[in-house]
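Asker: Starting off with a structure, shown below.
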Amino acid sequence: MNNKPVSDKLMLIAIVVSMFLWGLGWPSAKVLTHYASVVNLGVYRYIIVVASLFLLLIFSRQRLTIKKAGIPFVVAAGVLLAAYSYLFFMGLKNGSPGAGGVLVTTLNPIMAYVLGALIDRKLPSRNEAIGLALGSLAGVILLRLWSSTSILDSGNIYFLLSAVLWAAMSKFTSKGTRYGTSTGFSLWQYVITLACLLPLVDFNEFSVVLSIRDHAFWFNLFFGAIMVTTVATTMYFYATTRLGAEKASSFIFLVPLAAAVSSWLFLGEHILIHTIIGGVLGMAAVYMINRKPKIVGR
C-alpha cells in the first residue's frame, strides 16, 4: 500500500539532489579553467564520463545498444554537446559561474519551448504567451541589454550561445531516447562528443596535467565528470521515467539557485540584484508555460 508513495518521494529527492549537483558543477568547473585549456577540459571530463557511465551500465545490466533509427539523433546530440562543452568552459573562463548558471538554466527551457513551437508550427496558448513574455523579460534583465556592451562582457555571449545549443540538443535527445534506454543513449552521445573534441586537443598538455599535484584540480575534475555528469544526469533521467518528463523538467529551475549560492559560498562571487530578478522571472515564465488551464464546469 505504501510502496508507491515512498517510491515517489525517493524520486523527488533524486531530482532535487541532481539539480543541486548540477548547480554545484558551475563553480567547480570554473576552478578547472585555471589549470587547462578549454578543449582539453572537455576531453578530460568526457573520458571519465564515458568510462564511469559504461561501468554503471554494465553493473546495472542495462542495454547499451540503440536502434539504427536512433543513430542520427545520437550523432546530432553528441556534436551539439561538444560545441556546448566548448562554449560552457569558454564562458566560465571569461565570466562568472553563478551568473552563467542562472542565465543558461533560465533561458534553456524557454528557448527549447520556442524552438519546439517553431518546429511544430503551433501557436502558444494564453498561459504560454504570458510565460514567453516573462522569459523574454528575464533574458533582457539577465543580459542587461540596456548596457550596450553587457552582452559581450563576463562570458555572456558564450553563455547565451550555450543556451541556444542546449535547447537544440534537447530536441534531439528527447526524440532519440525512444530508440533505446535514456542512459544507453547518453553513453553513445558522450562517445560522439569525445570523438568531436579529440582532434582539437593539445596532446602536449596531457603530460603537464598528469603532473599536477594540486588536489583542487583532481577533486573538481572527478566531481564534475562523475557526480555532476554521470551520477546527477543518470539520476535525473531515471526520475523522468518514473515521474514523467513534464513534472521532472520543472525541477531544473533549482539549478540557478544552487549555482548562484554555491558560487557565492566557494568562490566569493557576489549575487547581483539583476541575477536574482532575472532568475525569479525565469521561474515564473516556466510556471506559466507549464500551467494547465483550469476547466470550468458548466
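Placement of Cβ uses the backbone N, Cα and C atoms for every residue, glycine included.
All annotation found in TrEMBL is predicted automatically rather than curated by experts.
Pulled from TrEMBL, these are the listed features:
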type     : residues : note
DOMAIN   : 11-143   : domain 'EamA'
TRANSMEM : 12-29    : transmembrane segment
TRANSMEM : 41-59    : transmembrane segment
TRANSMEM : 71-92    : transmembrane segment
TRANSMEM : 98-118   : transmembrane segment
TRANSMEM : 130-149  : transmembrane segment
DOMAIN   : 154-290  : domain 'EamA'
TRANSMEM : 185-204  : transmembrane segment
TRANSMEM : 216-239  : transmembrane segment
TRANSMEM : 251-267  : transmembrane segment
TRANSMEM : 273-290  : transmembrane segment
Asker: Please compute the mean pLDDT of the model over the domain 'EamA' (11-143).
Answerer: 84
Asker: Can at least 3 Cβ pairs under 8 A be found between the transmembrane segment (98-118) and the transmembrane segment (216-239), with each pair 6 or more apart in sequence?
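Answerer: Counting Cβ pairs under 8 Å (6 or more apart in sequence), the transmembrane segment (98-118) does not reach the transmembrane segment (216-239), since there are fewer than 3.
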Asker: Six or more residues out from either end of the transmembrane segment (71-92), which same-chain residues have a Cβ under 8 Å from its Cβ atoms?
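Answerer: For the transmembrane segment (71-92), the sequence-distant neighbours (Cβ-Cβ under 8 Å, at least 6 residues beyond its ends) are 26, 29-30, 32-33, 38-39, 41-42, 45-46, 100, 155-156, 158-159, 161-162, 165-166, 168-169, 172-173, 175-176, 179, 185, 188-193, 195-197.
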Asker: Return the stretch with the most CB pairs under 8 A relative to the transmembrane segment (185-204), choosing among 41-59, 251-267, 273-290.
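Answerer: So the stretch in question is 41-59.
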Asker: Applying the under-8 angstroms CB criterion, which one of 12-29, 41-59, 251-267 scores highest with the transmembrane segment (216-239)?
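Answerer: Stretch with maximum Cβ contacts: 12-29.
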